[in-house]
Amino acid sequence: MTSESKGGATALVSDSAVAVPIWLAAVGVSLVALNLRPPITAISTLLHQVQQQEGFNSTVASLLVAVPIACWVGFSGLTPRIGRRVGLNRTIGFALIVLLVGFGIRMLPSVAALFVGTAIIGLAITVGNVLVPAAIKRDHPAHAGLLTGLYTMSLYIGAAAAAGITLPLQHATGFGWRATLGLWAVPVVVAWVVWFPQLRARDHTGAATAPETGSPSLWRQPLAWAVTFFFAMPALLFYTVSAWLPTILMDAGMDASLAGGMLSVANLVAVPSALIMSIVSNRSAQQVWAAASTGALSAAAFVGLLISPTGWAVVWMVLLGAGLGAGTAIGYSLPLLRSREAQTTAKLTAMSQIAGFALCAVGPVLAGALHDLTHAWTAVLLLLVILAVVQIISGVRAGSARFVS
């Protein structure tokens, strides 16, 4: 399947001469997406051990979460070019191998190796973030809704699984934190095996044109910035929470395994929340109340953690998961809903993700620095409440039935 490029719009060319069966594509997409979040959420449950063994303060430790996100920002613009030259499916398969290399380097007993491996992991994840949705749209357009839904669900399921079972895996195996993180290489191998049939297809490389990262006119439009901020806020909250929520709960007296389980609860609740909100938001011309409600749910969860972090933790996690899942769904939908043409959609999507993930890279580090400065989590939770309020405000503006030009 091929679509022409006009005026800088994305040209879509099938990677394969013969597409794999839809069931195999569905399994492959799901397994690849399943491996895009555990490298980040797994280490968050072990961050306390990393700090104790390596002597890191909270700011340095938070870089283990922030570095991959920074890679997404810096490498996202180059990824489509690599996919065009090498072939999307081959690039995704190669990225899975690079992800395994990153896991291996991160296991070496060296602080330098820890951060180098983390950066390599971040580069590999960037490929999945950018190219898997593109491969879905090009190779299986008739099933794009199904495959995109599976992709989104698998992102959350992978995050939830890593948060919930990393510490139990460590207790069951008796491994140190480095080897425990290395266990998450096993599902990467499985994903590569399932993806392999798509590597064997004949590539049509050099035919696709990468999307532009955003025109100057978009960067000057308030509506485009509202869309960008709304995309950024749930993502910023998610990665900050993924980095520090287990530690916040453990410092409040919760058992380490249970604290990791709470993060898993939030991620599991986010799965149906994202699916439901994606359907609801796309059936209406405006999404003001839907968008605002997602920020309100997250704000309520953070206020609850301030008041009673352990006593009502499950309730706060349900609210948080519902807010983040629904907010993420609307955030990915808004570029389509606020634009009239596919070319503008591509530009607005690029703007929201590049600027949004740039903000995400700051969140975990800023939270760690605030904790180092205040020696408590109160300031961090107050900051998260403020960010949720920003999400509400940007949702009201971005959710109105208007279009960028």
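Indices start at 1 and increase along the chain as displayed.
Here the Cβ of each residue, glycine as well, is placed from N, Cα and C on the backbone.
Residues annotated as transmembrane segment in TrEMBL: 12-36 (among others).
According to TrEMBL, the transmembrane segment annotation covers 56-75 (among others).
Sequence-distant contacts of the transmembrane segment (87-105) (same chain, at least 6 residues past either end, Cβ-Cβ under 8 Å): 15-16, 32, 35, 39, 79, 113, 116-121, 123-125, 127-128, 131-132, 134-135, 138-139, 181-182, 184-185, 188-189, 191-192, 195-196, 198-199, 201, 203-205. Sequence annotations record features per position, and here TrEMBL assigns transmembrane segment to 87-105 (among others).
Annotation source TrEMBL lists transmembrane segment at 111-132 (among others).
What TrEMBL records for 144-169 (among others) is transmembrane segment.
Away from its own ends, the transmembrane segment (175-195) comes close to residues 24, 27-28, 31-32, 34-35, 38-39, 42-43, 46, 49-50, 53, 89, 92-93, 96-97, 99-100, 103-104, 106-109, 114, 162, 166, 169 of its chain (Cβ-Cβ under 8 Å, at least six residues beyond either end). Per TrEMBL, transmembrane segment is recorded for 175-195 (among others).
Non-local neighbours of the transmembrane segment (223-245) in the same chain are 40-41, 44, 47, 62, 65-66, 69, 159, 163, 259, 262-263, 266, 291, 294-295, 298, 320, 323-324, 327-328, 330-332, 334-335, 338, 348, 351-353, 355-357, 359-360, 362-364, 367-368, 371, 377, 380, 384, 387-388, 390-391, 394-395, 397-399, 402-404; each lies 6+ residues outside the stretch with a CB under 8 Å from one of its CB atoms. What TrEMBL records for 223-245 (among others) is transmembrane segment.
When pLDDT values are averaged over the domain 'Major facilitator superfamily (MFS) profile' (223-405), the model yields 88. Annotated domain 'Major facilitator superfamily (MFS) profile' per TrEMBL: 223-405, in sequence order.
Annotated transmembrane segment per TrEMBL: 257-276 (among others), in sequence order.
Annotated transmembrane segment per TrEMBL: 288-307 (among others), in sequence order. Residues of the same chain lying 6 or more positions beyond the ends of the transmembrane segment (288-307) and with a Cβ under 8 Å from any Cβ of it are 230, 233-234, 237, 248, 277, 280-281, 313, 315-317, 319-320, 322-324, 326-327, 330, 378, 381-382, 384-385, 388-392, 394-396, 398-400.
According to TrEMBL, the feature transmembrane segment maps to 313-336 (among others).
The transmembrane segment feature in TrEMBL is assigned to 348-370 (among others).
Look at TrEMBL and you will find 376-396 (among others) tagged as transmembrane segment. The list of residues near the transmembrane segment (376-396) in space but at least 6 beyond its ends in sequence, with Cβ under 8 angstroms from a Cβ of it, reads 226, 229-230, 233-234, 236-237, 240-241, 244, 248, 251-252, 287-288, 290-292, 294-296, 298-299, 302-303, 305-306, 323, 327, 330, 366-367, 370.
Across the candidate stretches 56-75, 111-132, 313-336, 348-370, the maximum count of CB pairs under 8 A to the transmembrane segment (144-169) is reached by 313-336. The recorded stretches the transmembrane segment (313-336) and the transmembrane segment (348-370) share 3+ CB pairs below 8 A when only pairs 6 or more apart in sequence are counted, and are therefore in contact. Sequence-remote contacts of a segment are chain residues at least 6 beyond its ends whose Cβ falls under 8 Å from one of its Cβ atoms, and for the transmembrane segment (348-370) they are 57-63, 65-66, 69-70, 72-73, 76-77, 211-214, 218-219, 224, 227-229, 231-232, 235-237, 239-240, 242-244, 331, 334-335, 338-339, 379-380, 383, 404.
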